[in-house]
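Undergrad: Input: one structure, supplied below.
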Amino acid sequence: MGFNIAGKAVYSVVWIAAVSLIMDLLGFSTQKWFTVGGLSIVLLTLAGREIFTNFLSSVMIHATQRFVVNEWIQT
């Protein structure tokens, strides 16, 4: 399974490099595209981390402490 993921990663990198080279040869600036892509990855990572953390917290609360309707939760 690890080899399949590594193969897909190499395949994706080769395609990105090829498209970048072709765009550069045609006179398009690739720096803006890489900047936008990098910032998008950072934002998606931060948002995904927050969502994943909240999901795990809700699972732990549900698994360890059963609450009923109209019950007050003290912190």
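Placement of Cβ uses the backbone N, Cα and C atoms for every residue, glycine included.
TrEMBL lists 1-49 with the feature domain 'Mechanosensitive channel protein 2/3 transmembrane'. The transmembrane segment feature in TrEMBL is assigned to 9-27, 33-52.
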Undergrad: With DSSP as the reference, give the number of residues of the domain 'Mechanosensitive channel protein 2/3 transmembrane' (1-49) in helix, strand and coil.
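TA: Taking the domain 'Mechanosensitive channel protein 2/3 transmembrane' (1-49) as a whole: 43 helix, 0 strand, 6 coil.
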Undergrad: Is the transmembrane segment (33-52) packed against any residues at least 6 beyond its ends, judged by a Cβ distance under 8 Å, and which are they?
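TA: Non-local partners: 20, 23.
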